[in-house]
Amino acid sequence: MLCIDLSTGAFLIPFVVMTLLCGLPLYFLEYSLPKFAGKGPYKIWDICPLFRGIGITVVVGYCMWMAGTTVMRCWIIDFLVGSFQSTLPWTVCDNPWNTPSCKMLHSAIYLYDNSTNSMNLFDNITHSMNLSDNSTASHVPTGHNSSVLTMASGNVSMSEPVPFNASNGMTSAEEYWQYHVLSLSSGISDWSNYQWRHVVSMLVIRFVIFFGLIKSIKSIEKVIYVTATVPFFLTVAIFIRSVMLPGASDGLFYFFNPDFSKIIQPRVWIEATLMGFYTLGFGWGGNMLLGSHAHFKENCLRTAVVLPLANVFMAVFSGLVCFSVLGNMAHSFNSSVTDVISGGMSVGVVSYITALSSLPVPQLWTVLFVTAILLTGIDGQLIPMDMMMQLIGDLWPGARRIPTLVATGVVFFIASIPTCSGAGAYIFLWVDWYSGAWVGPIVSIIELVTVAWIYGMDRFEEDIRMMIGRGIPAPLRFLTAFLSPVFVLVIFLTSCVEYVAPSYGDYHFPALARGLGWVSVVLVILPIPFLAAWTVNRAKGSTLLKKFQTSLRPVGGWGPCERHLQTLYNIIHKRYEHRTLFDLLKYNLSGRKFGSQEPEEKLFYSISLK
């Protein structure tokens, strides 16, 4: 949840605007074009061979992302294992990793709840915190700011509210996350504190991904449907419970009370755009992979509208759950919402775990929810792995699927082992900061320009008409051709100007890590210009200009995946051979097509689409 850092409501407004201006056009483009051609993220660039390197860039970027972020599933497994204990370990402060300044989670939830059940639960908690002036920390996690362990003088009673701030300590859920799950070391180069349970979890995840991809991504289609819907219904149940907690209204007010002065800050718009790119996967090839598996006649226009809007709804709904729980925690500690918990990765994790712990039979709810989230996360690993398998098959058609899956699985397992150390969270953030933040916008700009201004929105509309029997709505055409590429370009350039080095709390990444981060960005992007130069050099033409023009045209055989429509496609698109850029500009503005439909074209069109 970025909202706690970006003034909540002031972040929601740019996020919604970004989804409408960029989300709808980009998702429509990335999903419908591969559906039309039946090609994945690499072969789809037969539409414009000059940018074929994008197919390699997205796979290389995903490889870095998988190696650095798969550990997140291991963190989730920690919560799953803890859910089977009679007392949830993140609700108490008597664990080996807890500090003397730990605040029990149940006290935060039930402190002001006057209902009988809640009071009985609180009364049964016998753990207390009696800290004297000369108390010392019996457990000091490495790599953390010493202020976390600062003790308040005198006796601290759990039966009365204590103003909450960093010096007073964290809740038991936060300490479980920071000191047990992450077990942070001193920095990204300190690979101590190896969590061998995470290594085992990583191995299990690789096996699950292997068996899920033995045939293809379609082999787990039904599982994806379940894991996509179960978290929603569980979130609804959590929301109902969380809004009933005392102080929840304070958190909701904070969530919906925007500081409009923040809206003019570039960082808010940058983060809102990046969140949209992350949640909807723009520029990473995942949408193209799914589109290539879709049925030719599926209504891609409806899908492109429903999914981005559903993403906005779920983002807002998840924020309601998080901030209602944060409001309760602030109420219990007699503090403000901003003082309860720090921003970053811990916000969503701690908030949801806190809410689940307050439900009846919390072990059951936690197991169900964490399992659903874990399966959803594994689904997210299947898509890039299938993209890699598809790329390997395109480049080396003779490669056998099973041995290739085994080899890539072993490589990724070995590459992910460093993330199982105390530096795992730092590596996760480093990969996400560099590899995850730059690839999506760059690729998305190229996609929009290619379809709208090189291939042409007029030709693209004919392709859509073949699939769903209607053209592209005028607002969507205008967004794709004008507003979306300009908006993404402005955000990208602004993010370059407003760039700040990554940090985790008080830890700032060293110069070497930052330098290697930029090297990784260059290596990921490098296939685009390299293959562009290679394509132009090999293209047909007597001059460099003619070679360049040839590399912008679709390769022979480009057309619908339904081969009986290939002749119709060739007839329709023949009239665009002599279209000028001015003709394309006129169409993108007004919808007036270049040339006229010949009688034989109309006849063949009506016969072919029956």
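From the backbone N, Cα and C atoms, a Cβ is placed for every residue, glycine too.
Bear in mind that TrEMBL entries carry predicted annotations, made automatically and left uncurated.
Now, the feature entries from TrEMBL:
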BINDING   N311, D379  Na(+) binding site
DISULFID  C93-C102  disulfide bond
TRANSMEM  6-29  transmembrane segment
TRANSMEM  50-68  transmembrane segment
TRANSMEM  223-248  transmembrane segment
TRANSMEM  268-291  transmembrane segment
TRANSMEM  303-326  transmembrane segment
TRANSMEM  364-383  transmembrane segment
TRANSMEM  404-429  transmembrane segment
TRANSMEM  435-455  transmembrane segment
TRANSMEM  476-495  transmembrane segment
TRANSMEM  515-536  transmembrane segment
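Positions of TrEMBL features highlighted on the structure.
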{"residue": "C93", "record": "disulfide bond", "DSSP (3 states)": "coil"}
{"residue": "C102", "record": "disulfide bond", "DSSP (3 states)": "coil"}
{"residue": "N311", "record": "Na(+) binding site", "DSSP (3 states)": "helix"}
{"residue": "D379", "record": "Na(+) binding site", "DSSP (3 states)": "helix"}
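Straight-line distance linking the Cα atoms of C102 (disulfide bond) and D379 (Na(+) binding site), rounded to a whole number, equals 35 Å.
Between the alpha carbons (Cα) of N311 (Na(+) binding site) and C93 (disulfide bond) lies a span of roughly 37 Å. With a cut-off of 8 Å between Cβ atoms, the residues of this chain six or more beyond the transmembrane segment (515-536) that come close are 49-54, 56-57, 60-61, 64, 430, 433-435, 438-439, 442, 446, 502, 509, 544, 547-548, 551.
Residues 22, 25-26, 29-30, 33, 47-48, 51, 54, 57-58, 61, 64-65, 68, 273-274, 277-278, 281-284, 480-481, 484-485, 488-489, 491-492, 495, 520-521, 524-525, 528, 552, 554, 581, 584, 588 of the same chain lie 6 or more positions beyond the ends of the transmembrane segment (435-455) yet place their CB under 8 Å from a CB of it.
The transmembrane segment (268-291) is in contact with the transmembrane segment (476-495), judged by 3+ CB-CB distances under 8 Å for residue pairs 6 or more apart in sequence. Of the ranges 303-326, 364-383, 404-429, the one with the most Cβ pairs under 8 Å to the transmembrane segment (50-68) is 404-429.
The two recorded residues, C93 (disulfide bond) and D379 (Na(+) binding site), show a Cα separation of 34 Å.
The Cβ neighbour count for C102 (disulfide bond), using a 10 Å radius over every protein chain in view, is 24. The Cβ of D379 (Na(+) binding site) has 17 other Cβ atoms within 10 Å, all protein chains considered.
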